[in-house]
């Protein structure tokens, strides 16, 4: 049986992190978690990490698409925080953000990790941005590192 799986060390990987400024008090913690994980576990150097800041979560897919189209990156991490309010706005923003980022991954055959918090309350968002429930930015970075390696390994195996 042939099993393809990746590890998380990616010293030479070039990673873009597309970050929403909206709810920045939460998103900055996600960014810190992602960068820390890329450096400590992935051994990714500072010069191989590019941060792109956009106004809100709805702008993440377009920025991610532009990054992917450049061909200069091995993967993209999208970070943001969308918190449910009293209107259906949450559903539109969260849904379109998720769908758009998935489309970028498929269109460009590039790992795009979803580190966008979609929570019902601000307390849930705080818990997921570095307190009780861990740091979802760091988790998104781990998933991305593994997918970068899985796709490289798969490419190599398919050529053999």
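For all residues, glycine too, the Cβ spot is worked out from N, Cα and C.
According to Swiss-Prot, the feature active site, proton donor maps to 89. Taking the Cβ of residue 89 (active site, proton donor) as reference, no residue of its chain lies under 8 Å away while being at least six apart in sequence.
Swiss-Prot lists 22, 57, 58, 59, 81, 82, 83, 114 with the feature 5-amino-6-(D-ribitylamino)uracil binding site. There are 26 other CB atoms within 10 A of the CB of residue 81 (5-amino-6-(D-ribitylamino)uracil binding site), with all protein chains counted.
Contacts of residue 86 ((2S)-2-hydroxy-3-oxobutyl phosphate binding site) defined by a Cβ separation under 8 A and a same-chain sequence distance of 6+ are given as none. Classification of residue 86 ((2S)-2-hydroxy-3-oxobutyl phosphate binding site) by DSSP places it in coil, neither helical nor stranded. Residues annotated as (2S)-2-hydroxy-3-oxobutyl phosphate binding site in Swiss-Prot, with sequence analysis given as evidence: 86, 87, 128.
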- Rank the binding-site residues 57, 83 by the number of other Cβ atoms within 10 Å of each Cβ, and give the residue at the low end. 83
- Query: When you measure from the Cβ of residue 59 (5-amino-6-(D-ribitylamino)uracil binding site), how many other Cβ atoms are you left with inside 10 Å?
  - Reply: 19
- Query: If you measure every Cα to Cα distance among 86, 87, 128, the residues said to bind (2S)-2-hydroxy-3-oxobutyl phosphate, what is the biggest one in Å?
  - Reply: 23
